[in-house]
């Protein structure tokens, strides 16, 4: 069991170093300040669905991006007309097409002239829309040059990726009748996935906090029993909790969080494009997930099978292992392996969330904040780290490092595994709503600390700090989602909103109630020691 505990603690460090950013799937509406705007060239960049029909039968659907210029694209599918698709001649449409068009959508190649020139030529020939095929697999934002004046364009222009253009080109060259439908559906203001993700985050902290506080209370009760029975010479030196199973964060580790976490994030950003490195991340996540799931299941089963949970067997390398652990371990390992194999399937997110939640709950039970001072430093550093790598990193790397890493943009995978995610159920664009482990774990350490303090101080919910810390976390996460929707789905640093709510609430309540000094330094209430009191009485009697 010691080996597994060490493995867990090692992976805990990896979890603590992970990015805490909330992001969603690809942006539907995007305004880029770097792309110039002028009259006739001031559209927002929107993703566009290009549904195709081959010889009257519905076929593939492609995704493109609308241009700064031209007319806007309808948002509702029922308002979008099916229109025949044709190839431009010449293919780049830098010169007027040789044949007149009668309302067809024309597909042209990128290059040799301006985008607006292609659109003007297509409109003059009678096209109803223009599809410009990029010469790369990625999409490109079609903008206007500063000196352009011929911007009175009355047809929509859409950029398609290279692979979509190749597919459509083959269909047309085969003599097939191809029709397309262009529309840009709007993303719902709130998706049910965000509600479930909020419940998952709050529920995870709730479970982890009660487990952590329960362990601390049991240790305190056991300590009181030993102190009552101990003699003066036999008085042991106890702390609140079992030092063999609990790891307290100190000031040094809290301050080093920003440095080590930033280095780890840069390594992810630079190496995640390599398959071997991403597979290492999957393996590490599986190891941590197995340990977390096993610890949670053993703790639950031990309440029902108390006798079995107290029976141990000595296993080489692993040391003393309980029978419950031996029974649960094969299931946990199999579960993690199955998830790793099918992680990219439509149901892979379920296994990832189960492993992630179990891991976070386990970490909240093992890793603890000893006092409010350490908690403030840790969350303050995380607050700076989160804002820098979501927003400020764009000026250094020309893109948000944390968002790129979270979405797995350079890995070919659908995001890295160190996050919880739920598919967007009512979003016409699909994708996932996601939340990083750090957005749950780091504030969760402070919330768990509040409940431990309340229980040791014998405070009820209203008079304590836990209830208000939980409410503050829930509101902070809710505000994060509001900001996410107001920013059209752009990634948001969740700790930007969560830290002021949780930490600010704790500090204000502590100051108002007069507990701030003891919360800040000691982190646990003063406790009367019956044994020490007895010794004091005996000494006073001798003096008398």
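Including glycine, each Cβ sits where the backbone N, Cα and C put it.
Marked as domain 'PA' by TrEMBL: 84-167. The signal peptide feature in TrEMBL is assigned to 1-25. The transmembrane segment annotation in TrEMBL covers 195-213, 249-269, 275-305, 317-341, 347-367, 374-392, 429-451, 463-484, 490-509.
For the transmembrane segment (317-341), the neighbouring stretch richest in Cβ pairs under 8 Å, chosen from 195-213, 249-269, 347-367, 490-509, is 347-367. Residues 8-9, 11-12, 15-16, 200, 204-205, 207-209, 211-212, 215, 245-249, 285-286, 288-293, 295-296, 335-336, 338-339, 417-423, 432, 437, 440-441, 444-445, 448 of the same chain lie 6+ residues outside the transmembrane segment (347-367) yet bring a C-beta within less than 8 angstroms of a C-beta in it. Residues 19-21, 249-251, 254-255, 257-258, 261-262, 265, 400-403, 438, 442-443, 445-446, 449, 491-496, 499-500, 502-503, 506-507 of the same chain, all 6+ positions outside the transmembrane segment (374-392), place their C-beta atoms under 8 angstroms from a C-beta of that stretch. Sequence-remote contacts of a segment are chain residues at least 6 beyond its ends whose Cβ falls under 8 Å from one of its Cβ atoms, and for the transmembrane segment (490-509) they are 20-24, 27, 30, 372, 375-376, 379-380, 382-383, 386-387, 389-391, 400, 402-403, 406, 435-436, 438-439, 442-443, 446-447, 450, 465, 468-469, 471-473, 475-477, 479-480, 483-484, 516, 519. For the domain 'PA' (84-167), the DSSP counts in helix, strand and coil order read 16 helix, 18 strand, 50 coil. Non-local neighbours of the transmembrane segment (463-484) in the same chain are 22, 24, 190, 194, 198, 201-202, 205-206, 209, 439, 443-444, 446-447, 450-451, 453-454, 457, 490-492, 494, 496-502, 504-506, 509-510; each lies 6+ residues outside the stretch with a CB under 8 Å from one of its CB atoms.
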